Amino acid sequence: MEESETKGRISQETDKACVSVERIGSTLLSSFVKKGKEVSNKRNSKQNKRKAEEELCSKSRTKKYSRGWVRCEEMEEEKVKKTRKRKSKRQQKDNKVEVDDSLRLQRRTRYLLIKMKMQQNLIDAYATEGWKGQSREKIRPDKELERARKEILNCKLGLRDAIRQLDLLSSVGSMEEKVIASDGSIHHDHIFCAECNSREAFPDNDIILCDGTCNRAFHQKCLDPPLETESIPPGDQGWFCKFCDCKIEIIDTMNAQIGTHFPVDSNWQDIFNEEASLPIGSEATVNNEADWPSDDSKDDDYDPEMRENGGGNSSNVSGDGGGDNDEESISTSLSLSSDGVALSTGSWEGHRLSNMVEQCETSNEETVCGPRQRRTVDYTQLYYEMFGKDAVLQEQGSEDEDWGPNDRRKRKRESDAGSTLVTMCESSKKDQDVVETLEQSERDSVSVENKGGRRRMFRLPRNAVEKLRQVFAETELPSKAVRDRLAKELSLDPEKVNKWFKNTRYMALRNRKTESVKQPGDSKTVSGGDSGPEAVMENNTETNEVQDTLDDTVPPGFDATNQNILSPCNNNQEEFQQENVSFPSPTDESQQYLEQNDSSFVLVPHEKQSSEISLKTAVEENETESKMMKEPHEELSSEMSLKTAAEEKETESKMIEEPHEELSREMSLKTAVEEKETESKMMEEPHDELNSEMSLSTAVEEKETGSKMTEESHEELSNEMSLEEKETGRKMTEEEELEAVMEMLCRTENKLLDVTQRLDRFKTPKGRKKLGNSSSPLLEEDSVVYVPIAEIKEKR
């Protein structure tokens, strides 16, 4: 008997194993079958299209001349579309692959955990008290919170059910617990494969036991996918089947997200045992906050389970949630009683409603139910009582176009001024001085408003500016103690002193930049509109040096700092701004040379003054102050002094730039001197009126004598000056070469920095877009960038 029973069990297990093998084979071949079906479906669809088109063409030929040709064609097209839809649906059904049970349950548990987290966040949002207990008075939707708790409970039960299904799936083909010893060992005669139920083991197809709770064994090739011998975990490391692995992963995620502490080898009955033991409909007892009263009086209006229960009016007849239903029943009963319809309720509420109807009929003064009765309110009368009838006249309405921040300030000032004037007139009319001051303040405010609401410009006194310039000449960045001391001495605000130093530094830097951009041969010029303190200070210091050099050549009535320049285009006498001449102090050799070359000063007629002024534009830009001179001989003398200063600067620049070509330059100067002498002789005749004045005649005689002296001593001075100039020129050239090398190195360093920044930006796609939109000088050059490599060699 026992042998027959064991044979029957073995036959049943073999049948189950065959069924499972067929399923596994179907899943393995499903992918290949799917691809083959897709290819065949594509071919069949093309063939079907061709057949349908041929049929349509043949039928259209036969029915071309019939009346119902169009209708037949439409009917045929609809039939073809329907057949295509049916075929596509069949193909979709056939192509559907059965999802593995372990993957399906794993997705299900992931969805349930996300849902639990969302509902728990809703509960936590209303559970906290907030900062200083402000959330205590928050309106709490109790129905929504109760629904969230029910959803969490349902999710927990769903997780329990998923683990139960995994245990059932893993129990198929498992070994009995009797066979397993207390230490977990199993005899080899009792081990069989859960898929094929065979006990045989081969070297390349060995039987492997699952270390989970399923108590199953598998051949290596019976698994899906088959397990290779190399991938078998060595030593004490465990191997798990797909169902046990899925169960372990689900329990681990539950413990991590929800905060539970279930062991990995726990049974499905141990998971959420308390929630499963609760009776149906008592989910609210799990909630710790169910006894809290609702802060909202109308919180019971919304019941999220109304749709599920089909309205739920019958369940809310008695209790707090049936307030609205009671009111509706009362209103309907009142309407029915007024129309003469009898109410047959038979309950206690029906008697109460009938009593209320009788009370309404007997006394009209008392309102028992229904909407609140409010008497009509005359809002115009209420407004007059609160603000008075004259409130509209006192208010001055303004249009939207007149509104603005300046207008608001203006109205405020006008109202303040008007109120102060009224109070002063009412109190006493004797204080006329106070009224005048108020009027003056109003005028000032109006003038400020007309100018755009700007503040009055503050100017420092002259003595303070001079003192600050002296300190700035010593140090451009004085310390805080020095600035505070200056502010105390000059009785100024320390902030204004700091601002003055900041502005002067800015102006000095700007002037240095403009001078560095210009050519070295050109004169250092500053526009007449720049009235910075640094520029004025430099010009004042340089005019003192020029005055010392020009004392011997200029007549006694001439002033180098104050001179008048008349434009040749305008005949009208106009006043120009005073301009200070700024030149570098010449050397002793150039001074002697210029004193002997006095013949370079030439009397120029009024018709050629425009040419002289065009040559001297660079000099006139540096001048900042000028006055109108009444006498014409002073005008000519000022022009001559400017010319000498310009020539001094030109000679000095040429001496610095070209020291080796000094002899050729001196010969050119000699020829220029001779030409100027001839011009001076030619120009003496048209200037009879001007030569009558003593100052000009003496100047011409001195120039003629100076020209004769220069011709004789020119050769001697040239030799002496050439030697000295060569020495100075060598020093200057060495310094210039060093400066040029430093400048070149600085430029290369800047280019290297720019290239590295661009390369760093080019690594990211955002940086490429920015480089495409940016405008820089490197974009105009070639796209190839040459990066120099610096190599440092040690001196041997």
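Quick reminder: no glycine exception, Cβ is built from N, Cα and C everywhere.
In the compositional bias 'Basic residues' (81-90), the DSSP tally of helix, strand and coil residues is 10 helix, 0 strand, 0 coil. Here Swiss-Prot flags 81-90 as compositional bias 'Basic residues'.
Residues or ranges marked as zinc finger in Swiss-Prot (evidence: sequence analysis): 190-247. Secondary structure of the zinc finger (190-247) per DSSP, as helix, strand and coil residue counts: 7 helix, 6 strand, 45 coil.
Annotated compositional bias 'Acidic residues' per Swiss-Prot: 292-303, in sequence order.
Per Swiss-Prot, DNA-binding region is recorded for 452-511.
For 538-547 (among others), the entry in Swiss-Prot reads compositional bias 'Polar residues'.
Here Swiss-Prot flags 560-569 (among others) as compositional bias 'Polar residues'.
Taken from Swiss-Prot, the feature compositional bias 'Low complexity' covers 570-580.
The compositional bias 'Polar residues' annotation in Swiss-Prot covers 581-600 (among others).
Swiss-Prot lists 624-636 (among others) with the feature compositional bias 'Basic and acidic residues'.
Annotation comment: Swiss-Prot describes 645-690 (among others) as compositional bias 'Basic and acidic residues'.
Look at Swiss-Prot and you will find 659-685 tagged as repeat '3'.
Residues annotated as compositional bias 'Basic and acidic residues' in Swiss-Prot: 700-733 (among others).
This prediction places the mean pLDDT of the DNA-binding region (452-511) at 86. Beyond its flanks by at least six residues, the compositional bias 'Basic residues' (81-90) meets 48 of its own chain at Cβ-Cβ distances under 8 Å.
The DSSP breakdown of the DNA-binding region (452-511), given as helix, strand and coil counts, is 42 helix, 0 strand, 18 coil.
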